[in-house]
Amino acid sequence: MKNNAFGKEKGWIELIYGPMFAGKSEELLRKLKRLDYADVIYQVFKPKIDTRTKNKIMSRDGRNMDSFEFDNPYEIFDKLLSLEVNPHVVAIDEAQFADESIVDVCQALADSGYIVYVSALDKNFKNEPFMVTAKIACIAEYVEKLSAICTDCGAPGTATQRIINDKPSNYDEPVVQIGNYETYTVKCRHHHKIPGKPFPEEIKKFKSDLRNLLKNKENK
């Protein structure tokens with residue numbers, strides 16, 4: 001391997017996150033392909049629950065790379081210890097599907113000298129944070145947040161919208177549902193809809209009072 005920063009005993013975490021269709025896996029693949037030019041050895045992982053591509057991570061433009069699938073994040077340790085050649089970089093795609101032990105795994109890997117690339121959704125279809133991703137963002141040295149395009153207005157799409165029978169999913173539906181274009185789209189904050197989402201009375205009152213205030217000003 002060429003003499004570069006990846007060959008030194010330094011570890012860190014880089015997180016790529018955002019909504020669906022923002023190019024997270026594509027960016028992860030780009031970063032990994034770039035390592036090939038410097039002969040940097042890497043190993044790719046993803047949670048087994050992601051059944052869209054078996055033993056591969058794949059971008060929506062068709063690029064892909066072999067990966068090791070795990071049920072328990074601690075299996076990452078076992079896989080690394082079994083390899084004949086120890087990698088310098090560990091990449092984890094779709095990390096939001098892992099349980100919260102993935103946070104400790106990423107921390108331990110970086111502490112042990114690995115460079116850790118993580119790709120994950122930032123929020124679920126309810127527009128609420130995936131806590132796994134939020135915690136990784138707190139411990140990562142480098143964080144890159146991507147956005148997509150709102151399919152209604154073309155503004156930055158930052159919220160993943162789940163669609164069932166051509167309608168937005170209700171708030172009380174299960175968080176995890178594996179899908180692609182047939183199930184999900186992306187909206188901006190103003191076009192994202194979550195039927196049945198509860199709001200504190202204080203927020204309801206503020207929004208109502210603000211609407212009335214603005215309406216009264218328009219009528220003057």
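Using N, Cα and C of the backbone, Cβ positions are placed for all residues, glycine too.
Taken verbatim from Swiss-Prot:
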type     : residues                                                                           : note
ACT_SITE : Glu94                                                                              : active site, proton acceptor
BINDING  : Gly18, Pro19, Met20, Phe21, Ala22, Gly23, Lys24, Ser25, Asp93, Glu94, Ala95, Gln96 : ATP binding site
BINDING  : Cys150, Cys153, Cys188, His191                                                     : Zn(2+) binding site
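Of all the binding-site residues in the list Cys153, Cys188, His191, the shortest Cα-Cα distance to Asp93 (ATP binding site) is found for Cys188. Taking the Cβ of Ala22 (ATP binding site) as centre and 10 Å as the limit, one finds 23 other Cβ atoms among all the protein chains shown. Of all the binding-site residues given, namely Gly18, Lys24, His191, those whose Cα is no farther than the 10 Å limit from the Cα of the residue listed as 'active site, proton acceptor' are Lys24. A straight line from the CA of Cys150 (Zn(2+) binding site) to the CA of Lys24 (ATP binding site) spans 16 Å. Cα spacing between Met20 (ATP binding site) and Cys188 (Zn(2+) binding site): 12 Å, rounded to the nearest whole number. In space, Cys188 is the closest of the binding-site residues Cys153, Cys188, His191 to Lys24 (ATP binding site), judged by Cα positions. Most buried of the recorded positions Asp93, Glu94, judged by other Cβ atoms within 10 Å, is Asp93. By a simple count of nearby Cβ atoms, those within 10 Å, the most crowded of the binding-site residues Met20, Cys188 is Met20.
Sorted by the number of other CB atoms within 10 A, the binding-site residues Ala95, Cys150, Cys153 start with Cys153, the lowest. Note: the Cα of Ala22 (ATP binding site) and the Cα of Cys188 (Zn(2+) binding site) are spaced 12 Å from each other. Lys24 (ATP binding site) carries a helical DSSP state (H, G or I).
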